[in-house]
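Visitor: The following feature annotations were taken from Swiss-Prot:
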COMPBIAS  162-172  compositional bias 'Low complexity'
DOMAIN    21-139  domain 'Response regulatory'
MOD_RES   ASP72  4-aspartylphosphate
REGION    148-201  region 'Disordered'
Amino acid sequence: MNDSPGRTTVSGPSGGSDPFRVMVVDDSAVIRGLITRALESDPEIKVVASVANGQMAINTLSRQPIDVIVLDIEMPVLDGLSALPHLLQADPNVKIVMASTLTAKGADISLRALRAGAADYIPKPSSTRELTGADTFKRELTEKVKALGAAARRSGPRREGTAAARPPGAAAQPTSGYTLPSPVRAKPETGPLTVRPLPPDGRPDVIAIGSSTGGPQALFEVLGHLRGATQPILITQHMPATFTTILADHITRQCGIQCAEAKDGEPIVGGRAYVAPGDFHFLVVNRNGVPTVQLTKDAPENFCRPAVDPMLRSIVRQWGRRVLSVILTGMGHDGQKGCESVVQAGGVVIGQDEATSVVWGMPGAVATAGLCSAILPLKEIGPFIQKIAARRAA
């Protein structure tokens, strides 16, 4: 997989505290063992529970503190999607990573789980042989678990036993809409962030969004406010192939915006949203005066393909100062270099704030670099974009 969120320096358990506590949930004992060994190859992670189905996970979570759960989707007795709301009810601060196969069905269920409150997902290799030799999978898994483990501990103290979850079938949770994962509480800052002046007038000609860990949930929230926007909306979310196809479909159905994976050579049209397809960089080129999609297999940037930086650089070449760039929750610093190009051209950058980011890596990078004209809670970003997008053209 070339869509890894990249190598992120994640603060481990501080002050000599225990390693991050993880529960692995999978009906295959072999897979549980392989995932456990991959996780425990990192000294900052300890697998404290390994169970075979969702019901066992619920029972275990009610008895001991867990920071992160790696949750399989398809299991007997109680599957991952059905167990998810009960796990979050038992401990709203626990971070859940859905482990999914690289299939359309797996991608669809993973995105439904993200809408229901899962913090992230990870595509599993399709066989134990692939899993045994998948160094990229192991690296991505350990990085996500450490980042989300740190987030869980900032969200609230881990208890020596959580409130017992309501058994499945009793007073079922509502399934409409979507649930944002528990936000990460802001850490004390070393100093105030520098915010750039917002241009007093002028309307952007394009809206560009970059995101990674926690991104799908954030995208649904933001794009729900932009269904009337006349600008094209270009999105790079760190995801593998198949998942990006399903993400575009979910955006269309959830947000009321016509959205699809970007296709090489197609003209970019206002009022539509385009998602970078997995394993391709999404660029914009000028063909006979028409902004046009160009997909490339150029080397990953920031260990990512698709990556936000090349998309933003190409957008600046096409639209100059008429670019509005939005960096949402995600690991790493992808998007920072591209936002530097946006600012140098006279465009505007918006970053998600730390308190509402699942992981404040990407938005934190642009915020601490002084590139943002606004650093906002997630629920304020959509209305803010809507206001700027509706300005009169200068």
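Cβ atoms are placed via backbone N, Cα and C, with glycine included.
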Visitor: Can you work out the mean pLDDT of the predicted model over the domain 'Response regulatory' (21-139)?
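Guide: Looking only at the domain 'Response regulatory' (21-139), pLDDT averages out to 92.
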Visitor: Does DSSP put ASP72 (4-aspartylphosphate) in a helix, in a strand, or in coil?
Guide: strand
Visitor: For ASP72 (4-aspartylphosphate), list the number of other Cβ atoms lying within 10 Å of its Cβ atom.
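Guide: Around the Cβ of ASP72 (4-aspartylphosphate), 25 other Cβ atoms lie within 10 Å.
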